[in-house]
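Notes to accompany the following structure.
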Amino acid sequence: MPKYTIVPGTEVPQTPFYYYDLDLLRRTLKTAADEAGKYGYRIHYALKANVEPRILAEIQRAGLGADCVSGYEVRCAVENGFAPQQIVFAGVGKSDREIEYAIRAGIFAFNCESLQELEVIDELAAKQGKVVNAALRINPNVQPDTHKYISTGQSESKFGISYTEVDAALAKLHELEHIRIVGLHFHIGSQIRKMESFAELARRVNEIAEWFESKGVELKHLNMGGGLGIDYGDPDAEPVPDFAGYFRTFRDNLRVREGQTVHFELGRSIVAQCGELITRVLYTKTTAGGAHFAITDAGMTELIRPALYSAHHRIENLTAEADRQPRPTGLYSIAGPICESSDVFARDIEFPESRRGDVLSIRSTGAYGSIMASNYNMRPIAPSLFSDGE
Ligand code: LLP
């Protein structure tokens with residue numbers, strides 16, 4: 001596991017801060033690119049997971065494209081060196097301004113999520129005298145094994161064009177002169193660890209693609225979205241996610257036609273394990289019921305995943321680990337300073353006796369950590385530090 005370590009005799013910088021292990025990021029990127037490369041698959045990194053410029057630079061250098069979900073992310077990708085032709089733009093609510101900007105930037109394709117959106121993109125492309133590429137995001141109605149807030153491909157969810165509407169979408173595309181359909185897009189959810197969910201997606205895609213082909217539509221690209229999960233719990237788990245198993249699942253289940261390219265949009269699996277949130281214990285206390293709390297200087301403003309999804313992140317007491325004298329352990333709840341009862345990182349975990357000033361690390365927070373930070377309680381955004389000292 002990547003580790004921020006306390007070096008005796010040196011001071012820990014002002015907490016809270018995010019710390020990123022760039023070597024692990026590079027190792028992860030190399031594995032992902034090598035495994036995808038075996039089958040000619042292409043990865044677009046989902047910027048929504050983390051947009052630290054240093055991290056984007058590594059990802060861009062590794063040859064990945066960019067998957068964006070707002071005009072701001074499109075601009076961020078362009079500013080961080082991604083070629084417009086390597087950028088795709090998804091999202092259920094793209095505003096006119098964002099669409100206009102992306103057309104002007106000359107991105108590779110829009111992943112379109114409704115019939116109305118197709119009309120709007122067509123109209124805005126016409127104004128710029130352009131014909132733009134679009135992939136239809138189809139809701140495949142596959143239920144993955146993950147938290148309901150991060151499941152996106154079920155018939156009742158807001159994402160994508162429903163399979164009941166594909167006829168109408170095709171008819172609409174025949175009318176529109178400024179949109180060229182280049183493929184299909186799918187995304188069933190995030191933090192999915194059972195490969196069977198992806199196999200099921202691939203099999204659904206085979207049926208859907210066949211239907212489109214039977215209507216004479218040439219599908220140049222199939223975009224399988226993202227969603228590969230990581231191990232949040234096991235301290236000894238290999239930190240590089242199982243890209244080999246993930247891409248092999250598609251190789252074994254997805255039918256790919258001659259000349260067709262397959263795209264993926266991975267976020268979490270690329271950046272989660274290389275990041276950790278470093279925080280200090282401000283106070284310790286014991287409730288009337290006997291529960292021990294360690295109150296930290298990071299809270300849900302720095303990392304909202306536990307409060308929002310009851311997500312589990314491993315926490316370590318770095319000061320206790322560095323101490324020569326072993327400390328007794330007990331059951332502790334680790335909570336932030338925010339005025340919300342949900343601002344708790346972990347409840348009743350076996351933890352070394354904690355003291356004011358102890359430095360803790362909250363692991364596997366490189367994805368959907370700093371990017372989801374807020375200024376609630378007027379708190380400033382925590383800075384980022386990198387393993388090379390910057
Ligand atoms: N493509 C689309 C269309 C998506 O909606 C997402 C994530 C991805 C790709 C990237 O998925 P990934 O490979 O990272 O699983 N904030 C939540 C996760 C939300 C994911 C939203 N969509 C969390 O902290 O768990």
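For all residues, glycine too, the Cβ spot is worked out from N, Cα and C.
On a predicted model such as this, the values are computed, not experimentally measured, just so you know.
What TrEMBL says about this one:
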type	residues	note
ACT_SITE	Cys339	active site, proton donor
BINDING	Gly227, Glu265, Leu266, Gly267, Arg268, Tyr368	pyridoxal 5'-phosphate binding site
DOMAIN	17-366	domain 'Orn/DAP/Arg decarboxylase 2 C-terminal'
DOMAIN	25-272	domain 'Orn/DAP/Arg decarboxylase 2 N-terminal'
MOD_RES	Lys48	N6-(pyridoxal phosphate)lysine
Give the residue from the recorded positions Leu266, Cys339 that has the most other Cβ atoms within 10 Å of its Cβ, counting over every protein chain displayed. Leu266
Pick out which of the recorded positions Lys48, Arg268 has the most other Cβ atoms within 10 Å of its own Cβ. Arg268
So among the binding-site residues Gly227, Gly267, who's got the most Cβ atoms within 10 Å? Gly227
Cβ within 8 angstroms of the Cβ centroid of Gly227, Glu265, Leu266, Gly267, Arg268, Tyr368: which residues besides those meet this for the pyridoxal 5'-phosphate site? Ala46, Lys48, Ala49, Ser190, Gly226, Leu228, Ser269, Ile270, Ala367
Taking only the residues in the domain 'Orn/DAP/Arg decarboxylase 2 N-terminal' (25-272), give me the average pLDDT of this model. 95
Cα-to-Cα gap, Cys339 (active site, proton donor) vs Gly227 (pyridoxal 5'-phosphate binding site), nearest whole Å: 32
If you count Cβ atoms within 10 Å of the Cβ of Tyr368 (pyridoxal 5'-phosphate binding site), leaving out that atom itself, what do you get? 24
Between Gly267 (pyridoxal 5'-phosphate binding site) and the residue listed as 'N6-(pyridoxal phosphate)lysine', the C-alpha gap once rounded to whole angstrom: 7
Cα-Cα distance, maximum over Gly227, Glu265, Leu266, Gly267, Arg268, Tyr368, record's pyridoxal 5'-phosphate binders, Å: 15
Is the residue listed as 'active site, proton donor' helix, strand or coil when read with DSSP? coil
Excluding near sequence neighbours, so keeping only residues 6 or more apart in the same chain, what lies with its CB under 8 A of Glu265 (pyridoxal 5'-phosphate binding site)? Ile43, His44, Tyr45, Ala46, Asp67, Val88, Ala90, His187, Asn223, Met224, Gly225, Gly226
